[in-house]
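Listed features, source TrEMBL:
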BINDING   G11, C12, G13, K14, T15, S16  ATP binding site
Amino acid sequence: MLILGLTGNIGCGKTSISSIFKKNNIDIIDADIISREIFEDQCLLEKVFEHFGPSVKNDDQTLNRKALGKIVFNDNNKLLELNNLTHPKIKEKILCKIDEIKKKKKKVAVIDAALLVEGGYLEIVDKLLVVTCKQEVQIKRIQHRDNCTIDEAIRKIRSQMPQDEKSRYADYIIDNSGTIDELTKIVLKFIDYMKENWCG
């Protein structure tokens, strides 16, 4: 089974590509969903509260994601601390999901993860697809999605590995600076390419 890594920086449209894969019956392992699930582990939750203080704890003892996001997007050291706490758990769950998909005799599984390169997941994947876009498009998308200022959008972009650096790890790059219709055509062509060249 081919394990395809799908990654791209905030606002580049990784989620859109993931949903096109899903519509074409390709199994997706979504690291965002897994990162929410791991916080059901009380032990991990307590470590996060301990590291980041009372502002990240809701009244019902759950994680205040918005408050945590504000802290880590403004401080790379804090982001690194959070990643060190969460990535081992996320990786463990991803490996379990891969095993489940293998049992279904599927030819392809896609790991959809924003921090696939930074989080040390490259060893899990056979091929890497990186989605990129022009920075002005990226900023507009982040502003629209997160209802934030240009400065906040730029800070979020700067908290991640630069696009050109991430692209150096890619086996295939999709530029998603255009419309959703244009993206759909590109992704469908990529699926054909992947099946012909990588799936044996």
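Here the Cβ of each residue, glycine as well, is placed from N, Cα and C on the backbone.
All features noted in TrEMBL, drawn onto the structure.
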{"residue": "G11", "record": "ATP binding site", "Cβ contacts under 8 Å, 6 or more apart": "C133, V137, Q138, I139, R141, I142, R145, A153, K156, I157"}
{"residue": "C12", "record": "ATP binding site", "Cβ contacts under 8 Å, 6 or more apart": "V131, T132, C133, Q138, Q163, N176"}
{"residue": "G13", "record": "ATP binding site", "Cβ contacts under 8 Å, 6 or more apart": "V131, C133, R141, N176, L183"}
{"residue": "K14", "record": "ATP binding site", "Cβ contacts under 8 Å, 6 or more apart": "L6, T7, G8, D112, A114, V131"}
{"residue": "T15", "record": "ATP binding site", "Cβ contacts under 8 Å, 6 or more apart": "D112"}
{"residue": "S16", "record": "ATP binding site", "Cβ contacts under 8 Å, 6 or more apart": "N176, I180, L183"}
8 Å Cβ shell about G11, C12, G13, K14, T15, S16 centroid, ATP site members excluded:
G8, I17, V131, C133, R141, N176
